[in-house]
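Read through the structure below, which is laid out as structure tokens, and then see the notes.
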Amino acid sequence: MNGFAVIPSVTTTTTSGEPIASDVARKQNLLELDREGLERFFEDVLGEKRYRAHQVMKWIHHRYVADFEQMTDVGKALRTRLQACAEVRVPRVVFDKHSADGTHKWLLAMGTDRKNAIETVYIPDKGRGTLCVSSQIGCGLNCTFCSTATQGFNRNLTTAEIIGQVWVAARHLGNVPHQQRRLTNVVMMGMGEPLMNFDNVVRAMSVMRDDLGYGLSNKRVTLSTSGLVPMIDRLSTESDVSLAVSLHAPNDKLREQLVPLNKKYPIVELMASCERYLSVNRKRDSVTFEYTLMKGVNDKQEHAHELAKLMRQFDCAMQVKGAAKVNLIPFNPFPGTCYERSTEVDIRAFQKILLDAQILAMVRRTRGDDIDAACGQLKGQVVDRTRRQAEFRRTIEDRVGRDVAA
């Protein structure tokens, strides 16, 4: 998992794990490596001691230096050798936008052709700053209420492209690990399904939590998944970050309409995998279940009662009150969607039913919607390999045509 290649180095893969062909011999991008991988690179390729790798890792992730010549406590001879066989290649910022509420969004170009781009969002709040990180260019799961799904899918992001989002944001914010923290939390909730890019995501999260990296505690790094049951089980043995599940419906019939993955991994299997995750990771005492509220779709009182029952069953299975936490998310509209946001009255009524059932339920405050940076609005720039963009455009055109005819 911590392997590296100096020449050539092709780390970009499709979902099936096949490399994308490249005729260009590349230097090793050090952002691609976690601590163990960097130590091996310094020992095996450069013939250097491990502490040299630690020096360079701190320059990269603590001081945000990408030029070896600026690493002043690294010997000149080593800097010259690093220039010859390695690089620190970070994503290029296409543009960045500021929201009136302080939210900040970056569009970052990915890959050497720069044809694809992803979005990364920073959300400041009292005493904390959360970075929402993408794991794929587009998404292959086709959830019907998500803007990213309409863009189709291109490929998985490399480890360097994932941790590079953190690097760009932290550098912009003037974040100083262990001292002046502007970036306190990372959520893998951006574009893509993180567990479909398992190895690269886990390696990137390792750097986020490493003291030589960004020094975040395990509980401050959250992975959100639509429910790939086998990969949740694998995650429980390889990482102990906080787990969030995109539930969005309290029963299989409705969830299959919203999250097609449910046809393969129904709710009973999904909940069982969450139970196993907490059983293996004793330091984690809860799973957050995300529930996007859409007007007339999943926001009725019967849905709330059904969800409360499902959450109580999870608490009972774990023998811990509060093992299930619910994050209610008002739907954030995007062009062409057929869904609407639930009314404030219905949102509060839904929450009250959960609270009365002694289920911890919070309503997520909408942030960054004026710059399309709110939950479910990220779309980036995707060279689609799935034809989904064209299908979505045809759907919109058909809908407009029917409206005109009426």
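Every residue, even glycine, has its Cβ placed from backbone N, Cα and C.
Now, the feature entries from Swiss-Prot:
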- E119: active site, proton acceptor (ACT_SITE)
- C375: active site, S-methylcysteine intermediate (ACT_SITE)
- C139, C143, C146: [4Fe-4S] cluster binding site (BINDING)
- G192, E193, S224, S246, L247, H248, N332: S-adenosyl-L-methionine binding site (BINDING)
- C132-C375: disulfide bond (DISULFID)
- 125-370: domain 'Radical SAM core' (DOMAIN)
Original post:
Which is it, of C143, C146: the one of these binding-site residues whose Cβ has the most other Cβ atoms within 10 Å?
Top reply: C146
Subject >> For E193 (S-adenosyl-L-methionine binding site): DSSP state (helix, strand, coil) >> reply: coil
Original post:
How far is it from E193 (S-adenosyl-L-methionine binding site) to C143 ([4Fe-4S] cluster binding site), counting Cα to Cα, in Å?
Top reply: 11
Original post:
Over the domain 'Radical SAM core' (125-370), what does the predicted model average in pLDDT?
Top reply: 94
Original post:
Using DSSP, would you call S246 (S-adenosyl-L-methionine binding site) helix, strand or coil?
Top reply: strand
Subject >> For S-adenosyl-L-methionine, whose listed binding residues are G192, E193, S224, S246, L247, H248, N332, the greatest C-alpha pairwise distance in Å >> reply: 19
**OP:** Sequence order is fine: just name those recorded positions in E119, C132, L247, H248, N332 with a Cα within 10 angstroms of C146 ([4Fe-4S] cluster binding site).
**Re:** N332
Subject >> List of residues, in chain order, with Cβ under 8 A from that of L247 (S-adenosyl-L-methionine binding site) and at least 6 apart >> reply: G227, R255, I267, L270, F289, E290, Y291, L307
Subject >> In sequence order, the recorded positions (E119, C132, G192, S246, N332) whose C-alpha falls within 10 A of C139 ([4Fe-4S] cluster binding site) >> reply: G192
**OP:** For C132 (disulfide bond), just count the other CB atoms lying within 10 A of its CB, please.
**Re:** 28
**OP:** Please tell me which one of the recorded positions listed here (E119, C132, S224, H248, N332) sits closest to C143 ([4Fe-4S] cluster binding site), measuring Cα to Cα?
**Re:** H248
